[in-house]
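Trainee: Mind looking over this structure? Questions follow.
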Amino acid sequence: MTAQPQTLKIRRPDDWHIHLRDDEMLSTVLPYTSEVFARAIVMPNLAQPITTVASAIAYRVRILAAVPVGHKFTPLMTCYLTNSLDVKELTTGFEQGVFTAAKLYPANATTNSTHGVSDIPAIYPLFEQMQKIGMPLLIHGEVTDAAVDIFDREARFIDQILEPIRQKFPELKIVFEHITTKDAADYVLAGNRFLGATVTPQHLMFNRNHMLVGGIRPHLFCLPILKRSTHQQALRAAVASGSDRFFLGTDSAPHAKHRKESSCGCAGVFNAPAALPAYASVFEELNALQHLEAFCALNGPRFYGLPVNDDVVELVRTPFLQPEEIPLGNESVIPFLAGQTLNWSVKR
C-alpha cells in the first residue's frame, strides 16, 4: 500500500472567481484569500456594479488598501456587462490593463444581478470586440426564465445561449463559471482551447441532498444551486481527469449570518478560509493529487495568457479546524465547513 503523502508543495495558486464585497466585509474576508492566493478574478457585482474604468480603479485601490502587511496579492478586475455598456469603455479598460475580463450576468440570475443583460444577442457587438482584442468573457451560465426549473437552468443555458455565442464567436475566450452539472462538464470536455471552466469546492464536496435532507442548511445555498449526486460525481471525474480546461474558482461569496439564516436567505458560500485544504481533500479522495497543482496554479494562468506564480505554498497533513463563525463588526460570517476538521492545512 502506498504511503500517504504528509506534505504537498505546489506553485502558489490563484482564485479565478471570487466575491470580495466592499467596506467592512472586504477588510474582513480579503485576508483569507490574500494569505494563500497570489491573484484573484474579482467579481464586479457590487451594489453599484463595476461598469467603468474609473470605478474598477477605485475598487482596486480599496482592495489593495485592505491587503494585510506581508501578503503579496494582485486583484484582477472585471467589467460588469450591461445592456447599454459602451464598447469603447470596455476596450479602453482592457487595453490599459484595468479590466482582465468581462462578466456576463443574465439579469436577475444571482446576487446583485438586476443590472445584468436581459437581451444577450443585443450585446453581440461587445462579444465581437472582445474576440478581436482577446478579452475573456466570464459567464454565469443559467437561464432566468421563470418557467425553467432552478435545477435545469444551467443545462438549458448551454443549448439556448452558450452554444450560439460560441458558434458566432469561435475564438472568443469563454470561462463557464462555477459549473454544477454533468451537462456542463461534458460540454467543456468536448470543447476547445477557447473554453474553460471553474469549479467550486462546495460543488465537488456536496450535492443537493446534503443541503436539503434532514433540515435546510442555508450555508450550502449558492447559485448555481447544488445539483443531484450524479452531477457532483461528473464534476469530480472532470477535475480528476487532469484536463487543463478546468481550474480553481472558489466563488467565495460572503454574507452576514443574519442574511443567510432568514426566511429568504441570500445565495453564497464563504469558502475562502478553507478553500485550498478543501480542494486538496477532494483530489486526495479521487486519487488525483498529481493533478492538484495544475488545477490550482497552472491551468488558469495558461487560459488567461498570464505567467504562473514563482513562489510555492505547502500543504501539510495536519488537522485544520474551521471556526464556527468569523466576527464581522457586531455580526458574524459563517464559513464553509464551519466547525468541521479537514485533513490538510496550509503551512503558515
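Note: Cβ is positioned from N, Cα and C throughout, glycine not excepted.
What Swiss-Prot lists as Zn(2+) 1 binding site is H17, H19, K103, D251. As annotated by Swiss-Prot, substrate binding site applies to H19, L20, R21, N45, H140, L223, H255, A267, with the evidence given as sequence analysis. The feature Zn(2+) 2 binding site is assigned by Swiss-Prot to K103, H140, H178. Positions annotated as N6-carboxylysine by Swiss-Prot, on the basis of sequence analysis: K103.
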Trainee: My understanding is the cutoff is Cβ-Cβ under 8 Å with a sequence separation of 6 or more in the same chain; which residues meet that for H178 (Zn(2+) 2 binding site)?
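Mentor: Long-range Cβ contacts: H17, H140, T198, V199, T200, H203, C222, P224, G249, D251.
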Trainee: List nothing but the one residue from L20, L223, A267 whose Cβ has the fewest other Cβ atoms within 10 Å; the candidates are the binding-site residues.
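Mentor: Result for the binding-site residues L20, L223, A267: minimum number of other Cβ atoms within 10 Å at A267.
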Trainee: Near H255 (substrate binding site), which residues of its own chain have a C-beta under 8 A away, given they sit six or more steps off in sequence?
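Mentor: In sequence order, C266, G268, F270, V333 meet the Cβ cut-off.
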Trainee: Please report the Cα separation of K103 (Zn(2+) 1 binding site) and R21 (substrate binding site) in Å, rounded to an integer.
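Mentor: Checking the Cα atoms of K103 (Zn(2+) 1 binding site) and R21 (substrate binding site) gives a distance of 16 Å.
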Trainee: Compute all pairwise C-alpha distances among H19, L20, R21, N45, H140, L223, H255, A267, the residues listed as binding substrate, and give the largest one in whole angstrom.
Mentor: 19
Trainee: Looking at the binding-site residues H17, R21, which sits with the largest number of other Cβ atoms within 10 Å of its Cβ?
Mentor: H17
Trainee: Work out how many Å separate L223 (substrate binding site) and H19 (Zn(2+) 1 binding site) at their Cα atoms, rounded off.
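Mentor: Counting only the Cα atoms, the answer is 13 Å.
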